[in-house]
Amino acid sequence: LIRKYGYPCEIHRVYTEDKYILEMHRVPHGVNKTSNSSRPVIFLQHGLLSSSAEWVLMRPGKGLAYILADAGYDVWMGNARGNTYSRHHVSTKPTQSSFWQFSWHEIGHYDLPAMIDYVLKETGVDKVQYIGFSQGTTAFWVMASTRPEYNNKISAMHALAPIAFISNIKSPLIKTLGPFTNSLELVMKMLGANEFLPNGKINELAGEKFCLEEAVTQVLCKNLLFLICGFNNEQLNNTMLPVVLGHTPAGASTKQIIHFGQLYNSNKFVQFDYGRFKNRRVYGSRQPPSYNLTAITSPVFLHYADNDWLSTPTDVHRLMLELPVVVGKYRVPMKTFNHLDFVFANDANKLIYDRLLNIMSQFIN
């Protein structure tokens with residue numbers, strides 16, 4: 001897709017401390033630039049059930065990666081373990097249960113540090129700016145609180161639809177799962193023991209048949225997305241729907257979904273709850289420890305929307321109160337703007353990205 005639109009693209013592979021092999025995608029410069037003179041570096045991290053593709057599925061002028069590359073940034077896009085591009089490990093395979101024994105805690109604690117260190121080494125810069133969407137923000141809170149030395153490697157963190165506290169979530173999927181998260185075996189049976197919604201047959205059918213603009217079933221595709229994220233028909237580009245659903249969902253571990261269900265249930269932002277006995281073994285306490293948000297020192301900007309069923313205004317406000325480093329909180333000026341609109345809305349550039357570029361320009365060394 002990136003090359004199709006005339007942009008340069010590179011593929012990079014990174015090994016984590018616990019031996020997962022992650023793939024990153026880089027757009028080193030915009031379509032009209034050829035010199036590789038030093039550019040400010042930006043790192044983008046995708047949301048749950050997604051991949052780096054979410055930044056480039058929309059066309060140039062609409063997709064955030066293209067907009068940033070054209071604005072003079074060296075754009076790096078991460079991929080969390082378990083998604084379409086990061087399904088390799090030194091010794092285990094995705095067909096083995098052991099491959100999937102992670103939640104977004106491990107993505108924050110191992111994947112992000114490995115990818116950020118790699119980017120710093122490759123580009124020779126001291127710091128990067130970070131843009132996270134949805135779970136890409138959750139993973140950042142994990143990294144910056146459990147490995148506080150990484151705060152020194154981030155000049156600013158821009159959170160799109162930030163997620164930490166989710167007790168006011170409206171998404172039927174998480175609300176339905178919440179009460180069951182104390183019985184891990186039962187939830188595993190409901191969702192699949194290892195991987196939740198891998199990219200495969202469903203995506204192919206969605207992309208090829210069911211989600212095309214002229215298909216009568218297109219309404220089902222839209223409603224599936226809306227049920228998870230909130231309703232906003234006006235901002236969804238119907239022509240792009242088959243493209244989006246050809247890449248999303250991109251796979252995630254069942255434990256990632258369960259971990260979010262636990263946050264909803266507990267009304268806290270805590271590590272994975274294995275149950276009392278295993279918690280004592282893993283954490284030395286009966287309850288999972290809370291993430292220490294006061295350890296985060298990178299400047300943070302929060303961007304949220306009224307109609308977001310996953311990152312609700314009430315929960316974002318609570319995050320702002322608990323994070324000592326929030327230097328800006330921005331509400332998208334559209335009542336119907338929802339969760340996925342942060343990456344796929346027709347007018348995301350006018351409603352958010354123009355402002356984002358403005359803020360980012362303040363942090364260029």
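Note that Cβ sites are derived from N, Cα and C of the backbone, with glycine treated the same way.
Look at TrEMBL and you will find 1-58 tagged as domain 'Partial AB-hydrolase lipase'.
Marked as active site, nucleophile by TrEMBL: Ser134.
Other Cβ atoms within 10 Å of the Cβ of Asp308 (active site, charge relay system), summed over all protein chains shown, number 28. Residues annotated as active site, charge relay system in TrEMBL: Asp308 (among others).
As annotated by TrEMBL, active site, charge relay system applies to His339 (among others).
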* To do: Please work out the number of neighbouring Cβ atoms within 10 Å of the Cβ of His339 (active site, charge relay system), leaving out its own Cβ.
  => 29
* Asked: How far is it from Ser134 (active site, nucleophile) to Asp308 (active site, charge relay system), counting Cα to Cα, in Å?
  -> 11
